[in-house]
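Copied over from TrEMBL, here are the features:
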COMPBIAS  10-20  compositional bias 'Polar residues'
DOMAIN    40-433  domain 'Amino acid transporter transmembrane'
REGION    1-21  region 'Disordered'
TRANSMEM  41-60  transmembrane segment
TRANSMEM  67-88  transmembrane segment
TRANSMEM  127-148  transmembrane segment
TRANSMEM  160-180  transmembrane segment
TRANSMEM  186-207  transmembrane segment
TRANSMEM  265-288  transmembrane segment
TRANSMEM  308-333  transmembrane segment
TRANSMEM  354-374  transmembrane segment
TRANSMEM  380-400  transmembrane segment
TRANSMEM  412-437  transmembrane segment
Amino acid sequence: MDSSDHRHVSSTSKVVANTNDGDEPLAVEMPQTAHQISSDSWFQVGFVLTTGINSAYVLGYSAAIMVPLGWVVGVVGLIIATAISLYANSLVAKLHEFGGKRHIRYRDLAGYIYGKKAYSVTWGLQYVNLFMINTGFIILAGQSLKAVYILFRDDNEMKLPYFIAIAGFVCAVFAIGIPHLSGLRIWLGVSTVLSFVYILTALALSLKDGIKAPARDYSIPGTTTSNIFTTIGASANLVFAFNTGMLPEIQATVRQPVVINMMKALYFQFTAGVVPMYAVTFVGYWAYGNSTSTYLLNSVSGPAWLKTVANVSAFLQTVIALHIFASPMYEYLDTKYGRVQGSALEFRNLSFRIMVRGGYLAINTFVAALLPFLGDFMSLTGAISTFPLTFILANHMYLVAKRTKLSSLQKLWHWFNICFFGVMAVLAAIAALRLIAVDSSTYNLFADL
């Protein structure tokens, strides 16, 4: 391992943050990291991004995106969301070394550009974003296990919350065994194979069902009022599908030159990486219309053994994908409290991960079992964190950082994006909260969906 491929033991360095309001510059403490950085190829980072975009969440997009939007708006919306997500992520990627310093966390970049308050606000937004994504992953994993169970025993003795608890335990075991994001390595290959298994199975069985089925109903269900809210909520799902809210943390793992290599990884994600997701989303909706299940493998018909393999693959891939999205929290806890030294498997380091990561995932699991409304979590996550982190903050940070180099037209473009996505975030949050309220009144807490 060369000099750039190392772990930084927890320490802090004061960085003078830029200010654009004439105030005195603020010293923002930005800790080094206990995790590994600058060690991965762009191709490995591309697979990290693709693992996220083709996680088992894709099995819900037919219902969460296409059903409330329909063919025209759904297809066009996904294509537009792909383009604007690539653009917004590229803005953040290009700021990774802004000011001659490498910013390995989203909050570090915001703190450097704006100051202390932005550092804290950005961390809060990111924490909420990743917590809700991980809660959704545990719900997905629980649904996968339950789908296997009812293939063989449809006696209703085992409820969804039980499977969510099992899923949370397995996720904790995996998190304890993999010390940091770069440690996934071979698991990214395993994840890719698992993704292909459940995506290809869902595609094949959906195609079979669609060819044999009578004409489907593609009308948008619900009243005019409810359709307005579900359409707005679906717009949040569109951006949720493509964005991580943790791009600087992923970019921190890539080798130099970091901007060039990260752009290669992003191009890989938004070209080859989106093809499986597009395919399963469109084919699932084509096969079942507006009756598509929120978990596509519950809609398909086929041999029990094949559906079992697909569901188990979805479960295992979800465990790996969750580790990616939980890694910023793990990095924060390890850096601030862990004082990682020596082997990751030493008793002190292992016991620390058992206590801290196990505790964090226990909270995730409890919330997942309490409110297992997956589509609502996707909408709310997109509204209150993906929109602000990926679109509003990205455009404004780029505007502030490059203000002397941008033309008046370019500045106007960025302000348009900031205002438009700000309005969308507010509307989508209202729509998502309404959906959660409706579902909470329909179902009990710890519902068996």
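Every residue, even glycine, has its Cβ placed from backbone N, Cα and C.
If one looks beyond the transmembrane segment (308-333) by at least 6 residues along the same chain, the residues whose Cβ comes under 8 Å of a Cβ in the stretch are 33-35, 48, 51-52, 55-56, 59, 105-106, 126-127, 130-131, 133-134, 137-138, 140-141, 144-145, 147-148, 151, 167, 170-171, 174-175, 178, 180-181, 184, 187-188, 190-191, 194-195, 197-198, 201-202, 244, 246, 249-250, 297, 353, 356-357, 360-361. Highest Cβ contact count with the transmembrane segment (265-288) among the listed stretches 41-60, 160-180, 380-400, 412-437 falls to 41-60 (criterion: pairs under 8 Å). Taking pairs at least six residues apart, the transmembrane segment (41-60) and the transmembrane segment (380-400) share fewer than three Cβ pairs below 8 Å and do not count as touching. Across 67-88, 127-148, 186-207, 354-374, 380-400, the stretch most heavily in contact with the transmembrane segment (160-180), judged by Cβ pairs under 8 Å, is 354-374. Counting Cβ pairs under 8 Å that are 6 or more residues apart, the transmembrane segment (380-400) and the transmembrane segment (127-148) reach 3 or more and are in contact.
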